[in-house]
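Report on the following structure.
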Amino acid sequence: MFHNLQELRHSPSLVTKVFIQRDYSEGTVCRFQAKFPSELDNRIERTLLEETVKTLNSYYAEAEKIGGQSYLEGCLACATAYIIFLCMETRYEKVLRKISGFIQEQNEKIYAPRGLLLTDPIERGMRVLEISVFEDRGSGGSSPSSTMSSGSSAR
Amino acid sequence: MSQIQHAALDQQGRYNQICTRGGSCPPPADGSEPAHCPGHRSRSPRKKWQVFPGRNRFYCDGRIMMARQTGVFYLTLVLILLTCGLFFTFDCPFLASNLTPAIPAVGGVLFIFVMGMLFRASFSDPGILPRATPDEAADLERQIDSAGCSRPPPRTREVLINGQAVKLKYCFTCKIFRPPRASHCSLCDNCVERFDHHCPWVGNCVGRRNYRFFYLFILSLSLLTVFIFAFVITHVILRSNQTGFLGALKDSPASVLEVVVCFFSIWSIVGLSGFHTYLISSNQTTNEDIKGSWSTKRGKDNYNPYSYGNILTNCCAALCGPLPPSLIDRRGLIQSGTPQTVSQSNGTSNSSYASTQLHSNMCDQDQCIQSTKFVLQAATTPLLHSDPVVLAPLPGKTTTLGGPCAYLAPAQPSLPSCGGDVLMLRDAAVDSRCHHHLHLHHHHHHHHFVSPEETPCATPQGALPCPAHLHLHHQPHPAIPSPIALYDPASQDALHEDSVRGLVKLSSV
């Protein structure tokens, strides 16, 4: 079993990558599909992944929300000819930092112990949510049977 | 900036960096590698803008990015600076002293705003979508190929946005399905989000991230043009009250030039501002407007699914909405583990696909080809080991021979796109024994593969099997030899076993 994130990152036993695509049914706002990918059927509980995706979607919705605060920020920035952004961070950037913290935390708590790794969508141009699946090689533990196993794990 | 690194493209279209600081950059050691400064190669890690696959230019260590052709941008700059310079130098002193000093002040503010917006529109990332990593591209290719049963495989996806059907197209260069409202700019060779148009005056694409700057630029420029035009005319009129019209023109000749430039600019720029105001209020892009995507001429139920329904909300959303950050991270450092994006255009597969062997990459077509090879190899192996009496090899693609027994006449094994069917069986005549063999082999595998000569359908009496069974039709695979052998009936059972074995091997593919 992988015990921490570092072990997972340096492990060479990457099996495959699963991609969760964008959901454009509500327009161009950033949303990811809630559909559970079949390759992860026996790696992680459905509800956990769905919860992660739902939370991510809510973060992105917050970042792109058009309301009082965004208008204020936009007008202030326009009035100062956008020079203010040299000193101040935009709301979107603040939320993105929150998101990367969230993903890091999810990886440590939930995904790394199951041999998975989430990649922050911003590193993939917000196109996909990439989940790397690692094969639990060389452990005598009861890792779940993997559909992609090449018979490497000892039982 | 003390160091400006000018960038240029080499023949492969990859982005190279040429150091313009003389003496600090040794010439490249060998011409085979891209011409990056070798001194930097080993010491400092490269930044992502240096390997950017699009046709953009980067300045100031990646802080500034523009399109490749910037000539018209410099023209814009010259026109604005010249006109404003002349205005402030020749007209403002008179106006300030005779009318009010507020005039040059307001003019100054407008000028600074215009320049600021111009630079922001020109130098920022318009909302470029980074190209797909090789893993993503392979995954998408797999999905596309497995989805359709028809050729060519579908390269569009339909999605329902607020009740309106929108088609998402696949970009062959960037290897992604473009999000709605995105488009691929052929000049910059990038997919840009909410692509409006490529503006040569600004020297950049206008997209999601710099549309508001572009709009504010043309709006403020039209105000500035009108302002200058009005006050230059005022200046000339006031002067001609004192010294007569021709005298006035002689005293400030620059005014004539300013009036001419402003007059022609007003028509174009004010017109453009008006057009973009209309676009903003209806939440459309220039691209959509030109194509008539949401026009009711296309269909009664056609409407713009992105519009918020009211003009004010649309305007606020476009101008005061949140500004997303750049997705291309041009000043980030390239890490060794980072997957590099697919940089080949025209959808040709490139060698980076080899790196995706970590998951099974074989699409059905490949499986079919492999399976066919297996079957035919397995089937011909016993032939070659037995004592061959070669019949005339069949040259043609489909040859038939008459005979009492059924013959296996497989269709031309064209590459299938789905289902994995390669060879189709067709029984032309009735012979129960042959049927029996056929069915037997059908049971052994789930594909309809049968080697063309596989079952020597000999009668148990030991009669020679009819040659029809031994036809080996001409196959496109070079591994399969064409000559056919006639079986010795005594070893027929062993051969039968071997071909069954071959087919069992097939079923495990």
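Yeah, the Cβs are placed from backbone N, Cα and C, and that goes for glycine too.
Whatever TrEMBL says is automated annotation, not expert-curated.
The domain 'Palmitoyltransferase DHHC' annotation in TrEMBL covers B:167-291. The region 'Disordered' annotation in TrEMBL covers B:26-46. TrEMBL lists B:72-90, B:102-121, B:213-237, B:257-281 with the feature transmembrane segment.
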Same-chain residues near the transmembrane segment (B:102-121), Cβ under 8 Å, at least 6 residues beyond its ends: 76-77, 80, 84, 87-88, 92, 95-96, 199, 202, 204, 206, 210, 213-214, 216-217, 220-221, 223-224, 227-228, 231
Cβ contacts under 8 Å made by the transmembrane segment (B:257-281) with residues that lie 6+ beyond its boundaries: 79, 82-83, 86-87, 91, 214-215, 218-219, 221-222, 225-226, 228-229, 232-233, 236, 289, 311, 314-315, 318-319
Average pLDDT across the domain 'Palmitoyltransferase DHHC' (B:167-291), rounded to a whole number: 92
